[in-house]
């Protein structure tokens, strides 16, 4: 066992040869490297698989022995200052390593086919492998400086991947927005690290926690300064995990390829913030105000993310806001001190969200045969619907992911979300009501995405109804036929204007600037699943894309049993609690207590009921449009024109405006922060040009005129110089004489 831990340092570096060899190959042998480009997918998967096996071995030893292993090397030693590099293997490290490697492998296999058409194929796999290296280095770090280095590398990789299609201005702006927003949090993180080093004199986690606890116990620190440093540390996690108010970069990050979205939202970038708070939880728990702040930010993010997802038209952005809300649940759990439930939800959400993103990628891939390469169309749920018969495997898989995120048993997210909601009742009834209500909103918007994508009829082929009052079928459309608005208020949710429908049926293919090439045979091939390519309709994805989706379905079905919250006499079924035995859990400090079946069933029924209510509302509002038209008179008999209907329309329009305008937070930032910074820049520029340059230029002009004046006085005659000299001396002597008097 000791030997296994000694070689754990190799974990972050195993995926690193792929980007290095690709870079060297493109530099020295560009033609050969590009011709053999499909080979790199296999090498990336192989190296990450080795890391996964290594991580599983470490995890088994962690579960059996509950040990913590740390190894450090001295890098810089100078008098009282020393900087060490090393690695730390504990339950948190082993959990994150398995999460990163398993999700990373399925995403890489999926990407081989998804990116086969792209000229940036080699660049994509180089970035992905380096992303895995950076994240693995982050989770194995043994001190704050090492974490900060890999933290910045993760941010750099996300910048490169979000802006992968940098020839598209929208993607270029998105990666810049993500980079700048994260710089705010990263600057706070750096200041917090330096602050705690100034307080404790150590960067190492174990020394830092011990010294800081003693200082707090003996009341030897400035509590205000300590709180400020802790807030700055937390700011880094807020930005990286897209928590309010630094969440604005997350929906724009969807401009990258879909496999990148799956990796970022499941196991890498957004998980880094949760990991950082979990790693520093022994530091935060001795500062009660910080724990309260963490839980407050978490509950705000839970509700905000859910409300922003309610009316999204872009399938990936809807899932992005879902990620934001679920990360809020994890942050809420950490703020409450429920360490176990936070990590449990991190695990279950990662596999479910990876499944949903890869499923959405399969849908987008199939829609591109109809609408061409145009993300505004291929990702727009307005054009979808009725995909069940065209992509049945993707549909079934997406349904499993949707039900899991809704919290329906026995799927993965049910177990973890239910545990967080139950813990919230112990912490704060107000927070519990918000968390419980948001679970219903989650079920509503997730099932809405599912219904608009797969149920009903294919909306692109809905042109037979374009001359009727009911032909338009957008999601929350603000503009629509007046005949519809007068007769049927619920169809205001399903309207769009006539000009948008005209371009639905264009046969023009929109290719990305210089980034698209002909599709070639994937390097990785999987057994046939029975998919057929019928290009007049969406078609099921290739086997290489379906296989990772089906693997994630298995994870979504069974990974929740890893943390079953009840044990029986003589049988310890709660593997996760056993795994986390050395860790801190404030709400459940005795994890060996047996939980009563009746109590568990009551809590589960309470949380599942709100999920089913959300699903019911979504099914009522977003059932197939054709069925709505057939039952139009029946529905109109219940919904009459009057004050109540006008009030309902105002609520719907308010929800639409709030969601589509991102809660007006981006507009607020653009007006006050961006506008304010630009105004300050213009003022600084004016001051520099008019004042600073004016002084410099004025001195130069004055010197010029003085020189010219002196030049005109001096004529080159020595007698004139002597006369002036004697005159000045005489004047000086007279002044000196009169002053002495």
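Note that Cβ sites are derived from N, Cα and C of the backbone, with glycine treated the same way.
Computed from a predicted structure; not experimentally measured.
Marked as transmembrane segment by Swiss-Prot on the basis of sequence analysis: 40-60 (among others). Residues 4-5, 8, 10-11, 14-15, 17-18, 22, 89, 93-95, 97-98, 101-102, 104-105, 108-109, 111-112, 122, 125-126, 128-129, 132, 136, 522-524, 579 of the same chain lie 6+ residues outside the transmembrane segment (40-60) yet bring a C-beta within less than 8 angstroms of a C-beta in it.
Under the heading transmembrane segment, Swiss-Prot lists 89-109 (among others), citing sequence analysis as support.
Look at Swiss-Prot and you will find 125-145 (among others) tagged as transmembrane segment, backed by sequence analysis.
The transmembrane segment annotation in Swiss-Prot covers 147-167 (among others).
What Swiss-Prot records for 219-239 (among others) is transmembrane segment. Long-range contacts of the transmembrane segment (219-239) within the same chain: residues 151, 181-182, 184-186, 188-189, 191-193, 195-196, 199, 245-246, 272-274, 276-277, 280, 283-284, 287, 289-290, 293-294, 297, 331, each at least 6 residues beyond the stretch ends and with a Cβ under 8 Å from a Cβ of the stretch.
The transmembrane segment annotation in Swiss-Prot covers 258-278 (among others).
Within its own chain, the transmembrane segment (289-311) has Cβ neighbours under 8 Å at 227, 230-231, 234, 238, 242-244, 247, 277, 318, 321-337, 427-428, 431, 434-435, 437-438, 441-442, 444-445, 448, 475-476, 655-656, 658-660, 662-663, counting only residues six or more beyond its boundaries. What Swiss-Prot lists as transmembrane segment is 289-311 (among others), and the listing cites sequence analysis.
According to Swiss-Prot, the transmembrane segment annotation covers 318-338 (among others), on the basis of sequence analysis. Through the fold, the transmembrane segment (318-338) approaches residues 237, 241-244, 247, 250-251, 253-254, 261, 265, 270, 273-274, 277-278, 281, 285, 291-306, 308-309, 312, 345-346, 349, 353, 356-357, 360, 381, 405, 413, 417, 419-420, 423-424, 426-427, 431, 435, 438, 442, 445-446, 449, 584-588 of its own chain, all at least 6 residues removed from its boundaries and within a Cβ separation under 8 Å.
Positions annotated as transmembrane segment by Swiss-Prot, on the basis of sequence analysis: 344-364 (among others).
According to Swiss-Prot, the transmembrane segment annotation covers 425-445 (among others).
Residues 385-386, 406-409, 414, 417-418, 421-422, 436-437, 439-445, 447-448, 451-452, 455-457, 459, 462, 470, 473, 490, 493-494 of the same chain, all 6+ positions outside the transmembrane segment (605-625), place their C-beta atoms under 8 angstroms from a C-beta of that stretch. Annotation comment: Swiss-Prot describes 605-625 (among others) as transmembrane segment, evidence class sequence analysis.
Annotation comment: Swiss-Prot describes 721-741 (among others) as transmembrane segment.
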Spatial neighbours of the transmembrane segment (344-364) far in sequence, C-beta under 8 Å, 6+ residues away: 95, 99, 102-103, 106-107, 110, 114, 258-259, 261-263, 265-267, 271, 274, 315-316, 319, 322-323, 326, 329-330, 333, 375, 378-379, 384, 387, 391, 394, 397-398, 400-402, 404-405, 411-413, 415-417, 419-420, 453, 538, 540-541, 545-546, 548-549, 552-553, 555-556, 559-560, 562-563, 576
